[in-house]
């Protein structure tokens, strides 16, 4: 009985910690429970329709009128990685790529509790530890020690969860314009992205590196760059004629060397 109680108490914070969206590998048939989400964004994908004898009926939205099977209904592949969801229209070449906002799992109910009792959890962690040691030294009661040990583990896991959620809040979600404090990082790697440049009347000046000479607005500056900042990796996607993904380490951005090297070469010449 004591073992079952310990297991139950330990499982609660563990479940909270792992309450995240599952990954979804690239597939043409997403899970049925997710069809409503995908068919809201990609209502022209074939997995949203049941087509028989040239007549197609929507699988999710029954009030949708039947339509004739035609080029509107396309073959699609979908996948999900943490904070972003993507679907490809595979019947078009080159493939068209679309990004959508993944449905967010709500952590608000336990985040509010954790934030409210943050100091209490910290003090409680030390208090239970002290009582645990004192009780073991004085009475050496195994049952009491086990209960206190369970409480100590719960306080520890809750504190880790609190720290984890704080780090989650600092992540930069998918977007076309990264935070200003991160511009130096992104413009080191994706120096041709439009958010790195201030363009007026066909003349573009770099927002981050003031020593960079003005350049004329041209195809070098991609006007569609998307950035994703996960816990330990950063991605940016440049969309110009066809999508192109780049990955880098967030914690160790490459120093801005390309312009310095160029200026040194010019000085030598």
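Using the three backbone atoms N, Cα and C, a Cβ is placed for every residue, glycine included.
Sequence annotations record features per position, and here Swiss-Prot assigns signal peptide to 1-26.
Looking only at the repeat 'A' (1-145), the predicted model's pLDDT averages out at 65. Taken from Swiss-Prot, the feature repeat 'A' covers 1-145.
The topological domain 'Extracellular' annotation in Swiss-Prot covers 27-116 (among others) and is backed by sequence analysis.
The secondary structure of residue 75 (N-linked glycosylation site), as reduced to three states from DSSP, is coil rather than helix or strand. What Swiss-Prot records for 75 is N-linked glycosylation site, and it gives sequence analysis as the kind of evidence.
The transmembrane segment annotation in Swiss-Prot covers 117-137 (among others).
The feature topological domain 'Cytoplasmic' is assigned by Swiss-Prot to 138-144.
As annotated by Swiss-Prot, transmembrane segment applies to 145-165 (among others), with the evidence given as sequence analysis.
Taken from Swiss-Prot, the feature repeat 'B' covers 147-269.
Sequence annotations record features per position, and here Swiss-Prot assigns topological domain 'Extracellular' to 166-269 (among others).
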